[in-house]
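What follows is a set of notes on a single structure, which appears directly below.
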Amino acid sequence: MFEKSKWISLPRNVVLGHDVLSQTREVVADTHLTGTPLVVTSATPKAVAADRIVAQFEDAGDDPALVVVDEASFDAVEDVLATAREVDADFLVGVGGGKPIDIAKMASDHLGSAFVSVPTAASHDGIVSGRGSVPEGDTRHSVAAAPPVAVVADTEIIADAPWDLTTAGCADIISNYTAVKDWRLANRLQNVPYSEYAGALSQMTAEMLVDNADSIKPELEESAWVVVKALVSSGVAMSIAGSSRPASGSEHLFSHQLDRIAPGKALHGHQVGVGSILAEYLHSGEQGEWRAVKQALESLDAPTTADELGVTEDEVLEALTSAHEIRDRYTILGSGISEPAAREVARTTGVI
Ligand SMILES: NC(=O)C1=CN([C@@H]2O[C@H](COP(=O)(O)OP(=O)(O)OC[C@H]3O[C@@H](n4cnc5c(N)ncnc54)[C@H](OP(=O)(O)O)[C@@H]3O)[C@@H](O)[C@H]2O)C=CC1
Ligand SMILES: O=C(CO)COP(=O)(O)O
Ligand SMILES: [Zn+2]
């Protein structure tokens, strides 16, 4: 008898476009959410969007609360949980970049309440994913969490955000190429379950973004549209897989280590982009596709070198040689690469 089963959770409403932020209350009502909203945000997104969302809920006669977070950590999740209990929140609204959205996602999962995702930048593909990413000590957790019931992505706000944030989102998508290669490898060598649908969706998302690279330009609202659609699509791939595997492989392990070794130097998306150049080289060698990945990143104004990331040669080498230790996730890094091998890949690809 066939007993396999799978539960895929996806958002009910994905609302994308010009000035859709002003429809946030309406989108929430359409999902039949009622009661007290708790808006979870960080400093800049508060000024750019969250204060306006709070005002909308107030005008509608709801009794909204707001909490500001500044890092992706379990402590921040605990702080949000404490506020949610204090104000008796019925649902959470995450407003900002990847950090506040991840925290809101994980806190709402703990509370068993719904969560609405309002990205203010196209900087990461966690907008709709059913995962949270949290560093803790020597490791980095990929935490299962319910995906948002609704997404409100205002392309006017996103296009107004610094261009660097958009190029980071593009690089997070381009990293899907190596993430899928690592996932297939782990399937072949370690019998890690692989989803053809999630893998194909993730890879196709990267291909479409690269094919449209010419149309992605600063301050163009159409560009925000193209990038956010790709980020949503990549998040859906993670939700189908029930894991971040379609969008996170060795290039992400490298970035997570860089976060520990050289904290706060570069954006997540930019780090995983450079990690992808290195990972492509490791997968297919000198004649492989690393040049195409590097070219795609360059054409999107994303960093391709240690210098452009603002990190040193030694930090790159340390991150690359220790990346396999950060998480139990089989990738092309296997049980680790030696310092001379890391130096060779980083030099040949021009990363250092
Ligand atoms: N769960 C998942 O599946 C995924 C999770 N992630 C996680 O997301 C995080 C990376 O996302 P990222 O967005 O780079 O991180 P942040 O949330 O830290 O945002 C990056 C920066 O952008 C600023 N910002 C956001 N919106 C605007 C705006 N409209 N105008 C000006 N500045 C703005 C933030 O301001 P401020 O400093 O005020 O917050 C912050 O300084 C990482 O923690 C990563 O692990 C990434 C991909 C997938
Ligand atoms: O950043 C991610 C996908 O882009 C997912 O993060 P993890 O590597 O923590 O799973
Ligand atoms: Zn990522």
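Just so it is clear, glycine is given a Cβ too, placed from its N, Cα and C backbone atoms.
Just so you know, TrEMBL annotations are computer predictions that nobody has curated.
Binding of substrate is annotated in TrEMBL for Asp172, His256; the matching candidate from Asp125, Asp214, Asp301, Asp307 at the same site is Asp125.
The residues near the Zn(2+) site, meaning same-chain residues not in Asp172, His252, His268 whose C-beta sits within 8 angstroms of the mean position of the site's C-beta atoms, are His124, Asp125, Ala171, Ser175, Ala247, Ser248, Glu251, Ser255, Gly269, Gln271, Val272, in sequence order. Comment: NAD(+) site residues Gly98, Lys99, Pro100, Ile101, Asp102, Thr120, Ala121, Ala122, Ser123, Ser129; largest CA to CA distance 16 Å, whole number. Cα to Cα, Ser123 (NAD(+) binding site) and Asp172 (glycerol binding site) are separated by 8 Å.
Taking the C-alpha positions, the distance from Asp172 (glycerol binding site) to Pro100 (NAD(+) binding site) comes to 17 Å. With respect to their backbone Cα atoms, Gly98 (NAD(+) binding site) and Asp125 (glycerol binding site) stand 8 Å from each other. Checked against ligand 1, the binding-site residues Asp102, Asp125, His256, His268 give Asp102, Asp125, His268 as the ones with a Cβ under 6 Å from it, listed in sequence order.
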